[in-house]
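According to TrEMBL, the protein has these features:
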TRANSMEM  55-79  transmembrane segment
TRANSMEM  140-162  transmembrane segment
TRANSMEM  214-230  transmembrane segment
TRANSMEM  242-266  transmembrane segment
TRANSMEM  319-343  transmembrane segment
TRANSMEM  355-372  transmembrane segment
TRANSMEM  428-448  transmembrane segment
TRANSMEM  455-474  transmembrane segment
TRANSMEM  502-527  transmembrane segment
DOMAIN    663-721  domain 'CBS'
Amino acid sequence: MDFLDEPFPDVGTYEDFHTIDWLREKSRDTDRHRKITSKSKESFWELFKSLLDAWSGWVVMLLIGLLSGTLAGVIDLAVDWMTDLKEGVCLSAFWYSHEQCCWTSNETTFDDRDKCPQWQKWAELMTGHAEGAGAYVLNYFLYILWALLFSFLAVSLVRVFAPYACGSGIPEIKTILSGFIIRGYLGKWTLLIKTVTLVLAVSSGLSLGKEGPLVHVACCCGNLFCSLFSKYSKNEGKRREVLSAAAAAGVSVAFGAPIGGVLFSLEEVSYYFPLKTLWRSFFAALVAAFTLRSINPFGNSRLVLFYVEYHTPWYMAELVPFILLGVFGGLWGTLFIRANIAWCRRRKTTQLGKYPVLEVIAVTGITAVLAYPNPYTRRSTSELISELFNDCGALESSQLCDYINNPNMSRPVDDIPDRPAGPGVYNALWQLALALVFKIVITIFTFGMKIPSGLFIPSMAVGAIAGRIVGIAVEQMAYHHHDWIIFKNWCRPGADCVTPGLYAMVGAAACLGGVTRMTVSLVVIMFELTGGLEYIVPLMAAAVTSKWVADAFGKEGIYESHIQLNGYPYLDIRDEFTHRTLATDVMRPRRTTPLWRSSPRTAPRWRTGLSASFSAGTSPSPSVKNARQKQDGVVSSSVVYFTEDAPQLPATNPQPLKLRRILNLSPFTVTDHTPMETVVDIFRKLGLRQCLVTRSGRLLGIITKKDVLRHMAQMMNQDPESIMFN
């Protein structure tokens with residue numbers, strides 16, 4: 001009996017930590033579509049089913065957009081409330097954040113809009129004193145206590161319920177989209193725990209963001225809805241098309257940047273991105289952004305927290321400081337990647353990795369102790385970036401806007417000229433300089449801990465601080481030395497020449513580009529994020545410069561570096577293979593090893609020599625397992641045949657099992673003298689799982705994707721055995 005004449009659930013599935021065969025998945029989908037098309041002509045019901053199948057992709061995109069947008073809105077609201085909870089509570093409604101509490105109060109004035117009777121700090125609530133050393137110390141202590149509580153809950157939930165919920169998730173998403181199987185990484189428990197612990201981790205005040213993990217959350221949503229449709233649940237290639245679109249929806253809600261999300265998925269995470277996936281990604285990002293906009297988590301009727309409006313154009317001479325910020329971003333990216341990878345490697349190879357809870361508690365404690373005294377590190381990183389991006393209008397009360405006004409000035413509110421900096425600005429500069437050093441150092445140790453941790457917001461914060469400092473310096477130079485030749489042509493006395501907030505925006509783009517090596521999607525995300533459409537050229541200049549500078553020290557961005565560190569079998573399409581080796585140098589078995597000859601195998605011993613004799617589209621182990629469960633007479637001594645016709649066996653022998661249908665009868669082959677440069681390109685562009693090596697039509701061996709990656713590592717003087725799932 002050929003057991004595979006009957007369809008059963010596990011045929012076509014892959015084992016955990018294995019690579020899928022893209023060509024086989026594509027062929028299976030084509031066969032499925034051909035059957036549906038031919039059946040649709042038979043009856044109206046079959047036609048209706050074919051229409052449902054055609055629309056299932058759009059339905060999945062709609063569901064992904066709705067759920068990811070809703071989750072992002074809930075996360076934003078929860079983070080806003082819990083971040084403020086570390087400092088105080090709203091008496092009228094404890095679930096209100098500080099801003100919501102004061103804006104709903106009838107006793108709030110515009111000048112004191114951050115102070116209202118309904119909002120009380122913990123010291124005032126407990127002791128009745130809002131000022132003084134005792135109140136400061138009590139608020140300081142409770143700030144640290146809340147931070148430690150949030151981080152402890154986050155790391156405990158991750159460790160107990162969903163270990164895969166830690167980290168950014170983008171390196172693993174890239175690996176999964178390239179065809180690797182990590183069971184449970186996009187599961188329901190991971191989705192639930194990642195959503196809850198992301199709120200706790202960001203609220204604890206650690207130097208991390210929620211943007212990277214939101215991509216993971218959106219991909220979990222995509223995987224969840226794939227299980228509702230057999231078209232996607234039974235085909236790993238089609239499932240990855242959905243996950244690519246889900247990644248776009250994740251960035252769309254993380255930054256409020258739908259177009260940037262589609263480009264991010266295309267440029268940064270996707271391995272296979274057909275035109276159909278581009279359209280569906282666009283639709284998923286649109287629905288997700290619309291859902292988030294309907295929830296309105298920021299209360300400003302916009303998709304983003306960082307929306308700014310600048311009233312001054314940029315000038316050609318300003319390209320020099322913009323490019324210098326790009327250089328800084330590239331250097332910062334290189335420093336961060338090398339230091340963070342060194343620390344993560346130390347965590348993996350020493351006793352430190354055995355105590356993830358203690359590590360998180362220690363880093364949280366140090367962060368809270370050092371962050372509280374500085375108002376720019378005490379607040380949430382998103383609020384810090386928002387303040388650094390802002391232009392100083394007539395109604396701003398920030399220290400960064402403490403300029404000395406000319407009493408005779410009578411100009412419109414939107415056209416305030418450059419002014420000399422007051423004591424508040426100089427005080428803010430010192431605090432920002434300290435915040436810059438603090439953010440640079442603490443982010444290195446924070447990213448990679450066993451809690452959800454994104455890198456976009458901390459990187460942008462480093463760049464925004466550096467950019468604001470440079471912007472204020474250029475502004476004051478232009479004011480005090482407007483007769484210098486570099487300022488004379490475009491900066492007249494009394495004119496509004498320099499916008500420091502623009503420099504913060506450019507610096508943020510430069511640092512994010514230096515760390516991730518993004519270019520096109522980064523620029524689009526930044527102008528969608530801020531609404532600064534007029535400032536595309538400065539953003540492009542900074543992004544390209546940061547990439548050039550960072551690439552001079554190493555081609556890998558932070559996500560590729562973490563993929564290498566974890567040993568994921570990811571064949572980067574951007575890597576170049578320039579060595580002159582041949583397929584015969586990489587294949588298994590080596591030429592000195594005798595080749596296994598085909599013969600019947602018994603059920604428990606089918607593995608022996610299998611890889612050298614034929615190319616399987618899937619592992620036979622699920623087939624053998626199901627055969628034992630569903631077919632009578634299959635025992636451990638049953639003979640397994642992979643041929644068309646099994647020979648007649650004596651009646652006393654147990655029932656044989658034929659598994660010919662799981663064989664790949666048209667495997668991809670190369671000759672033993674094919675250059676490895678060509679073989680690597682074939683694996684990249686066709687998404688092969690393995691290919692056979694032949695000479696004059698005779699089988700010599702097999703090359704798998706992991707063999708290719710091991711060989712590439714060996715050629716780069718790395719440990720070839722690191723290419724595995726660590």
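In case you wondered, yes, glycine gets a Cβ from its N, Cα and C as well.
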Tally of DSSP helical, extended and coil residues in the domain 'CBS' (663-721): 24 helix, 18 strand, 17 coil
Proximity of the transmembrane segment (214-230) to the transmembrane segment (242-266), 3+ C-beta pairs under 8 angstroms: yes
Positions on the same chain near the transmembrane segment (502-527), where near means CB under 8 A and six or more residues out: 251, 255, 257, 259-261, 263-264, 266-268, 308, 310, 314, 321-322, 325-326, 328-334, 336-337, 385, 388-389, 455-456, 459-468, 470-471, 474, 533, 535-536, 538-540, 542-547, 549-551, 556-559
Most Cβ pairs under 8 Å with the transmembrane segment (319-343), selected from 55-79, 140-162, 242-266, 355-372, 428-448: 428-448
Whether the transmembrane segment (140-162) meets the transmembrane segment (428-448): three or more C-beta pairs under 8 angstroms: no
Interface-richest range of 242-266, 355-372, 428-448 toward the transmembrane segment (55-79), CB pairs under 8 Å: 242-266
